[in-house]
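Marked as heme c 1 binding site by Swiss-Prot on the basis of sequence analysis: 76, 79, 80. Sequence annotations record features per position, and here Swiss-Prot assigns heme c 2 binding site to 187, 190, 191 based on sequence analysis. Taken from Swiss-Prot, the feature domain 'Cytochrome c 1' covers 44-158, and the record attributes it to sequence analysis. According to Swiss-Prot, the domain 'Cytochrome c 2' annotation covers 174-260. Feature annotation from Swiss-Prot assigns signal peptide to 1-27.
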């Protein structure tokens, strides 16, 4: 393994203040940069490289690697897919590339500034229906190392093309009957007639459950109609991105979200 990755830390509040002052002073929008994934051959040697590899493993195989913190069958890669063995590297599917330079940031859900560590904790509590890792947990540090490696070369505050999940909203209620027909035709083969997903030979979810006790809970971002519709529109069916119309993605999301799932127990600002 070769390459050099320097990790700099600063006070979260100070970093956010400096970023805000810089943006106001220049009176311009943050720059947009291309989504570029580092070559695996450029992983650094030594302890940092080992931490990056562990972080990738935690994000790819989360239930098996961190069973005490995951309450369902989902792994981080199910909402943050990647290619060539990476996680969080695909556009329009909340990629991790550049994410370290966009935190701390204001969270409308919490009504305050939060760190990336806290945002990851949200995902564990909501999307994984589990509990957040302590801020000094070794696995969390490894995940941050992986995200930092993916983000190398991206300026602080820059917007990476394809960041986040583009939301999709139509000015009508979802058509559940149409959504069910589309689900049976385009989704059932992978996710099952009962939405329970498909396991591989090792008992891990090759295709995740979309509802039921092993799926994300009611506090997850994917439980929002606009977010689910946007994800389906841009990333589903697998291998046929953007093959559904806006109307089709909207109705499939509406059908999926009518089904029961674990209840998020904490107060939410969603």
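For all residues, glycine too, the Cβ spot is worked out from N, Cα and C.
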Task: Proximal residue to residue 190 (heme c 2 binding site) among binding-site residues 76, 79, 80 (C-alpha distance) - done: 79
Task: Residue from 76, 79, 80 whose C-alpha is spatially nearest that of residue 191 (heme c 2 binding site), among the binding-site residues - done: 79
Task: Other CB atoms, at most 10 A from the CB of residue 76 (heme c 1 binding site) - done: 25
Open item on the list: With Cβ-Cβ distance below 8 Å and at least 6 positions apart along the chain, what are the contacts of residue 79 (heme c 1 binding site)? List them in sequence order.
Closed with: 93, 94, 123, 127, 222, 231
Task: Whole-number Å value for how far residue 187 (heme c 2 binding site) lies from residue 80 (heme c 1 binding site) (Cα to Cα) - done: 19
Open item on the list: Around the C-beta of residue 190 (heme c 2 binding site), how many further C-beta atoms are within 10 angstroms, looking at every protein chain?
Closed with: 15
Open item on the list: For the heme c 1 site (76, 79, 80), what does the 8 A shell look like? I mean other same-chain residues with CB within 8 A of the CB centroid.
Closed with: 59, 75, 77, 78, 81, 87, 88, 93, 94, 123, 127
Task: Chain-mates of 187, 190, 191 with C-beta within 8 Å of site centroid, heme c 2 - done: 183, 186, 188, 189, 192, 195, 197, 198, 207, 210, 237
Open item on the list: Can you tell me whether DSSP puts residue 79 (heme c 1 binding site) in helix, strand or coil?
Closed with: helix
- [ ] Rounded to the nearest Å, what's the C-alpha distance separating residue 76 (heme c 1 binding site) and residue 187 (heme c 2 binding site)? Just drop the number here, would you?
- [x] 20
